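Trainee: My structure is below; once you've seen it, I'll send some questions.
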Number of protein chains: 4
Amino acid sequence: MHILVTNDDGVHAPGIVALADALRPLGNVTVVAPDREMSAVGHALTLHHPLRATELAPDVFAVEGTPTDCVNLGVHRLLSNRPDLVVSGINRGGNLGDDITYSGTVSAAMEANLMGFPAFAISLATTGHDGYYNTAAAFAAQLARTIIVNGLPADTFLNVNVPDLPEDQVQGVAITTQGKRVYEGQIVAKTDPRGRHYFWIGSGIPDFSDEAGTDYFAVSRGKISITPLHLDLTNYASLEVLKNWRLS
Amino acid sequence: MHILVTNDDGVHAPGIVALADALRPLGNVTVVAPDREMSAVGHALTLHHPLRATELAPDVFAVEGTPTDCVNLGVHRLLSNRPDLVVSGINRGGNLGDDITYSGTVSAAMEANLMGFPAFAISLATTGHDGYYNTAAAFAAQLARTIIVNGLPADTFLNVNVPDLPEDQVQGVAITTQGKRVYEGQIVAKTDPRGRHYFWIGSGIPDFSDEAGTDYFAVSRGKISITPLHLDLTNYASLEVLKNWRLS
Amino acid sequence: MHILVTNDDGVHAPGIVALADALRPLGNVTVVAPDREMSAVGHALTLHHPLRATELAPDVFAVEGTPTDCVNLGVHRLLSNRPDLVVSGINRGGNLGDDITYSGTVSAAMEANLMGFPAFAISLATTGHDGYYNTAAAFAAQLARTIIVNGLPADTFLNVNVPDLPEDQVQGVAITTQGKRVYEGQIVAKTDPRGRHYFWIGSGIPDFSDEAGTDYFAVSRGKISITPLHLDLTNYASLEVLKNWRLS
Amino acid sequence: MHILVTNDDGVHAPGIVALADALRPLGNVTVVAPDREMSAVGHALTLHHPLRATELAPDVFAVEGTPTDCVNLGVHRLLSNRPDLVVSGINRGGNLGDDITYSGTVSAAMEANLMGFPAFAISLATTGHDGYYNTAAAFAAQLARTIIVNGLPADTFLNVNVPDLPEDQVQGVAITTQGKRVYEGQIVAKTDPRGRHYFWIGSGIPDFSDEAGTDYFAVSRGKISITPLHLDLTNYASLEVLKNWRLS
């Protein structure tokens, strides 16, 4: 059993340390993670530049790249054999609703899925710096065991969100759909110390439609949310509408 | 009519110049694009750093950021009013199958959709540096007019791929689903001029499952492919399987 | 006569456009400059990553790199023959006193000198965005002609600072020594839109010792300052002191 | 006694670990170093972007920035009090001759000098990945003690190069002048895995004029070289020549 662990908060983040520790009893764990925080990098792949990897400790690699790069480099070059499972996280903060398209954590699991490996992303829905990472880590180990036994459905990887609660206060597990963000962007315009203008994209406090069955609905009620995802973005419901358009 | 134009090949790329020129007869066009090539950056949003924008010419802005940043910055700060349409491209090279999750061009249209604007991405399936950008530009103008008249179906943005052919050799338009990539990654391990090791992710020649109805199937037969996309990555077919798992 | 022109404000900055225009009557001018602002990068050479160059217009190249990279790439790869002169600027803001060690503009001239080419850096001592670039450009042309005729003394490149005045108000030219900065650093500690801490180095308003004969002294009295520089940082006055230390 | 330690090979490099260990018996040591390798960044100061610092362990900070940034951030924000000494290194590879103008290691000591602190840079003249860092570390401790007792001459910081030898094979200590590089640049032109062109600056094997009294001369004969440096780049010998030029 060989598990590849990555994240987008960087190799030194508390979430990945807790995750790797929780998974080690299951088998051989190799950590391949960005050397810096890489939040919101989406499914970015570094094609334009080369990548560097440094082995910080046995089976712990820091990569000057994105989480997607880490999965690629891990599978093709750094691991001694192919992984049986890829786990990404534990992300600091939830990855919910449409916002998962921005997520480096979720994209790492997407990349593993694209390469044919069972994979899940796991995030702790904390808003502060600290949180109950142990709750998420323990669930990650349980889920990993289940996947090793059951496998995953075809064309599926999982997005897991864990409420920031002590383990005994978690209200169970829900299988959910991806929720919808209520968009409220903001951009701050400021002046730097040299008097030059710049902009800074603020994430604000993300807000989601509180619809039953969604990831957001579950987590905000103290449940662990598991959403099965796939790579197919086709909106099948729109195919017929478009076929009636006259384009030549 | 105000159209926001962006891309991921950078503000100086031939595709975006052809696109903006083709759309100008329809209304006011503002170009907000990365100052450098930003291919394969996915749906990356720059939260960690501030952004800079430079107005290179009237209504042409270069941004030190990703295509997703450009849409945000354009809508919130650089455009004088809200856009009626967002068009991203013309990408150098097709954006087909699962590979669209990597695409900065497609992600810009995704971002516009998330913000509530009609949007499409358009790519020219060329493999070389040059290509029939005029074919794609003419179709972009036609499609833009259609969208302005018809609107888009709910929760839908479009991914358009144009074969690299003279306009009169195009074999029509197909409404398609997202194809499947046959994964074949490669990573090159090399030594830099100072003798230090590095890796470089190679995209190889992407290969796709040649299934009828897909984007790849259409483009490889000389047709323009239009795939309706949405932001929902939920794999609904897997929900029931997971609900039978015993997780606590 | 072939002149290589570079800067650190980026290829689109008004200073480099004015400079190239002023030098074109003297011969063939090739502009090789960073695609983005690269202020305060010092004598940085990109060894860790590859470099990309884009030809924006005939004999105008944008490089994803530093001014020092631009001189290297220009000389070794982009110019059709070896330059007779390298001119760096016109920098937005003076490059005075010890601060020249930070300057990308001055470092480009340093690099040219290291490679064996006559070179000077030229800066406009403006504090705002606009300024009398024409004053500096006209002087650059005059100085270039003089260097072509006279050559430069051995192991010497020049650092030129021009007061931000109309040409007819300039109070002459002074040959100067490098002044001394009165150090007053500042670092701003702030919180980004996501609530995470960061620091920003502020340059403050640089202040210099107002000593007769220095670059600062001349420019602050409306004179053009020319300081001959070399690459030798040895403090010869300290050699004897150190020789009396007992180190083994 | 508080010593600030930095480098340009990054916070995880063996040289800085050896250096900090050797200096700890002298007092309180705080390490503030780049999170990534930052070789050849010269005296680059990050003014355009904010900086992030992460405390990896007590009194060990990783900064997303240059060595010059590290000294600034360390002095102004991260250290509890002002340092009595700043030491930069142990660099992997010598910093000799004109090449010191590129060096991030030497520039960190330059920055400390500019801010008014005693400082030296120390480099191990190794060409491979490993080397006798202990030789350099032991000498660093000895030199630090000497500077604490004697102080440094006015306007002086030191550039120390240690031959890559076991301690008992070192041939003594020489007070030297900065040598001269025999310039031999090279740029490699290549094609990336996607078929796009790029350039890579090669440092080649640097060669230096073998002149008695220089840093290179000493190190190549097995001696430790100490060169006193200052910030004044004025070439005083050229002042008179330029004063005879007729410029108006």
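We count from 1, first residue shown onward.
Note that Cβ sites are derived from N, Cα and C of the backbone, with glycine treated the same way.
Caution: TrEMBL annotation is automatic and unverified by curators.
In case it's useful when we look at the structure, here is the feature table from TrEMBL:
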type    : residues                         : note
DOMAIN  : C:3-184                          : domain 'Survival protein SurE-like phosphatase/nucleotidase'
BINDING : C:ASP8, C:ASP9, C:SER39, C:ASN91 : divalent metal cation binding site
Trainee: Find, among the binding-site residues listed as C:ASP8, C:ASP9, the one whose Cβ has the highest number of other Cβ atoms within 10 Å in the structure shown.
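Mentor: For the binding-site residues C:ASP8, C:ASP9, the Cβ with the most other Cβ atoms within 10 Å is C:ASP8.
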Trainee: Among C:SER39, C:ASN91, all listed as binding-site residues, which has the most CB atoms within 10 Å of its CB?
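Mentor: Comparing the binding-site residues C:SER39, C:ASN91, the most crowded Cβ belongs to C:ASN91.
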Trainee: My list of binding-site residues is C:ASP8, C:ASP9, C:ASN91; which of them have a Cβ under 8 Å from any chain D Cβ, in sequence order?
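Mentor: Near chain D: none of C:ASP8, C:ASP9, C:ASN91.
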Trainee: Name them in sequence order: residues not among C:ASP8, C:ASP9, C:SER39, C:ASN91 whose Cβ is within 8 Å of the mean position of the Cβ atoms defining the divalent metal cation site.
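Mentor: What remains near the Cβ centre is C:ASN7, C:GLY10, C:ALA13, C:GLY15, C:GLU37, C:MET38, C:PRO67, C:ARG92, C:GLY93, C:SER103, C:GLY104, C:THR105.
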Trainee: Would you report the average pLDDT that the model assigns to the domain 'Survival protein SurE-like phosphatase/nucleotidase' (C:3-184)?
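Mentor: So the average pLDDT across the domain 'Survival protein SurE-like phosphatase/nucleotidase' (C:3-184) works out to 94.
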Trainee: May I ask you to report the DSSP-based helix, strand or coil state of C:SER39 (divalent metal cation binding site)?
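Mentor: Its secondary structure by DSSP: coil.
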